[in-house]
């Protein structure tokens with residue numbers, strides 16, 4: 001007795017599912033904070049560090065800078081620099097002696113172990129110096145003009161805001177010293193961009209709510225104090 005012929009499955013029914021599986025997953029849009037940082041002409045290598053693109057590299061740089069700042073809180077700058085150079089010399093001299101002994105035992109001539117680094121050109125070109133000096137000069141001029149405008153009360157509202165900020169900084173200065181602020185700034189630079197990238201919707205929501213409250217208070221103060229109203233252009 002002949003066996004019944006089984007129906008051939010229709011492959012067209014499975015095609016939509018296969019196409020859906022093969023469709024590329026769209027990459028998430030970059031956070032607004034990352035767009036702002038990129039617009040500041042910051043070196044892409046710095047952006048990779050603060051966004052932890054390579055955790056090993058970022059961890060090494062962050063840990064090294066943190067140890068350096070913590071060392072400066074307990075020792076003088078001269079002592080820290082001297083200890084760092086001594087530690088570096090200990091490593092390089094030990095490695096050089098080890099390679100010389102190894103070459104003598106194996107009767108080989110591998111050359112200087114640091115030849116690759118010795119041959120690298122570390123001179124700063126005139127173009128590079130002019131490029132960065134122009135950027136620094138532009139920032140300095142911008143800050144100088146802003147400070148002059150605020151101190152000479154070109155706009156009363158902005159000058160009052162600046163005075164309030166300076167008053168708050170007096171309390172910050174009483175609570176923390178300069179080195180502590182540098183450590184906090186370092187920790188913030190390596191944590192806040194990544195935290196904002198991960199929790200952007202929630203942070204934007206709360207920041208928006210706070211901004212609305214502040215704008216409401218400022219608006220009420222301006223209504224009650226006519227002198228704080230900006231002149232219409």
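One is the number of the first residue shown, and numbering goes on along the chain from there.
Each Cβ is built from the backbone N, Cα and C atoms, and glycine gets one as well.
Matching 32-60, 61-89, 90-118 against TrEMBL, the residues noted as transmembrane segment span 61-89.
Within the set 168-192, 193-217, the record from TrEMBL flags 168-192 under the feature transmembrane segment. Looking at the stretches 1-33, 133-165, the one that TrEMBL records under the feature region 'Disordered' is 1-33.
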